[in-house]
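J.: Summarising the annotation, TrEMBL assigns transmembrane segment to 6-26, 38-58, 90-110, 137-158, 242-265, 361-389, 409-433, 453-472, 510-528.
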Amino acid sequence: MVDVFLVIAIVVAIAILLVAAVYLLVYYQHPDDHNDAYIPKFVVIIGFCLAGWTVLLFPLDVANNEGYAGCDGYDTKFCGGLNMEAMWTAIFWMIPIWIFVMIPFSTFYYEADDGTLMMGTAYGANHVRKSRVGQAVCYQLFVLIIVGLFFLVTYLTLSDTNIPIEDYTQNNVRVSSLLASNTIYSYPNLGVNATFDVNELADMNPNDQSYYTQVTDNGGQEITLQVSVATFYAGLMAWLGWWLFALFGGVGLAALPLDLILAFVNRPKHMDAVEFAEAQLSLRERVNELVDIGELIKIERDEKANAGIVTSGWSFDTDKRKAARDERQALLGFKQAVFLLEKDVEDFQAMSVNYENYNPLLPFISLICGICSAIMSLFWFIHICIFVYPDPPLAPFLNNYFEWFDNWFPLFGVLSVALFVVYLLFCAVKGCFKFGIRFMFFQIHPMKIGKTYMSSFMFNIALVLFCALPVVQFSQEAFSDYAAFSEIRQIFGVQIQYLDFFTWFWTKQVFIYVFFSISVLTSIYLACRPRDQSANAAALRDRLRAHKSHST
């Protein structure tokens, strides 16, 4: 029988996620997208909910206890009755569909502009204007062919799982060795469908125990099975996502608490006349420098366009590749400097013209969140060191905490698991932004109130979806004692754990070691350089001028 409380929890969680997704979209979207981009908005809302459903399905699975053997019929009082396998299968299909179909299509559709798609290639030889949908479909078909071939080849070659087992042979086995015929409880008045209780088993007697001494240990064996398509894709998506989560999650685990606390330390404060003049002069100088840099970038691009020089894309020419790389790094440095300048201008306005409208409670809320984040990050560090790495674990740690909460009030234990799991997703998003702003390896997509375009929304949703399954896999491993009877533990901890090729990464805990190492290194790095600093404007301007003279 289905647990009504779990059904109510599902309905409430879905409603909260939908409301939160719509609110964040409306609150953060750019004014240019208010009455436009409805397809990307739909994709963002459902993608946000899908990521939330994925991580929240883990604590629901733990509460459901459907992996407990007694749920098959003889001891169902601890079982929620939900078909978690079907729910996980739906999630396993939805995530790759959203990442490789819906988000790319929406991005191509959003970037199209009635005839110009990104780089102005929407016109064909006959100069016929293509529709935005047609352009998006063409690009999406190319993505589907590449991704489809990759998924097909990997499933045909890597979908076998080799599950280790211990093989024993018992001599002179009797079928009812545990149920001695002269001590079995008999209920002649009950029908064949009567419920059997484990308490009806007779105690073992010396004869029963003697059979257990006649056992031959045949050593370890393996059972080779082919997993289902959905299960394999879950393992493949988790493996792909781990490359992102190990890096960004590791950075975010250290960066998130620090940035929240620094938001309180560097909160806007009232300035006297001298401080105001100095801050205003510094901002004016930075604005002028960035305007000069922007003009240099524009002039260089116009000159290359007029000369028919293309620096984007890959080339066999080493000099061209180096020129394209330098140009890209300069552009990323310029965007980073502009972003940090805008942030400093907002802080300056909060300390001056908008001082009366500034909410003084925000820094204190940030401080409280920062302290809570620091505690959670510290707990994750400790739990990895004493439970995840050692074999056998030194102590259950958080597993005992969750079980203690369950004994007191079950809802708190489930909510605690959900909190720790969702926190890892926030760390991944924070780590992506922090890594991009510090090292400029890729374009950053910050979420700014009232200034976020749909392309940034979709980038962040894709990142969160990529990291969702690694978070679930890591959580079921970290909380294996508490989640012993969950369905996802049987999927990730057994079937996916021993998949061909992937098993080395899982059993050797390669990604977890990388995740933990990056967290430690990030903590040390941020302790030395806690504040974000933009690229040196003068050096960036000199680099652009040197690059321009070298090109000419």
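Cβ from N, Cα, C; glycine included.
How buried are the listed features, and what sits near them?
T.: Within the same chain, residues 25, 28-30, 32-33, 37, 40-41, 43-44, 47-48, 50-51, 54-55, 57-58, 95, 98-99, 103, 106-107, 110-111, 234, 237-238, 240-242, 244-246, 248-249, 421, 424-425, 428-429, 432, 445-447, 488, 492, 511 sit at least 6 positions outside the transmembrane segment (453-472) and bring their C-beta atoms closer than 8 Å to a C-beta of that stretch.
With a threshold of 8 Å between CB atoms, the same-chain residues lying at least 6 positions outside the transmembrane segment (510-528) that come near it are 242-243, 245-247, 249-251, 253-255, 258, 377, 381, 384, 388-389, 470, 474, 477, 504.
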J.: For the transmembrane segment (137-158), find every same-chain residue at least 6 residues outside the stretch whose CB is under 8 Å from a CB in it, and list them.
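T.: For the transmembrane segment (137-158), the nonlocal Cβ contacts are 96, 100-101, 104-105, 108, 117, 229, 232-233, 236, 499-502.
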J.: By Cβ distance under 8 Å, which residues at least 6 away from the ends of the transmembrane segment (38-58) in the same chain are close to it?
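T.: Sequence-remote neighbours of the transmembrane segment (38-58) are 13-14, 17-18, 20-22, 24-25, 29, 84, 87-88, 91, 94-95, 98, 102-103, 106-107, 109-110, 417-418, 421-422, 424-425, 454, 457-458, 461-462, 464-465, 468-469, 471-472, 475-476, 483, 486, 488.
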J.: Considering pairs 6 or more residues apart, do the transmembrane segment (409-433) and the transmembrane segment (242-265) have at least three CB pairs under 8 Å?
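T.: Counting Cβ pairs under 8 Å, at least 3, so yes.
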J.: Sequence-remote contacts (6 or more beyond its ends) of the transmembrane segment (90-110), Cβ cut-off under 8 Å?
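T.: Distant contacts of the transmembrane segment (90-110): 37, 39-40, 43, 46-47, 50, 53-54, 57, 117, 132-133, 135-137, 139-140, 143-144, 147, 151, 230-231, 233-234, 237, 454-455, 458, 461-462, 465-466, 468-469.
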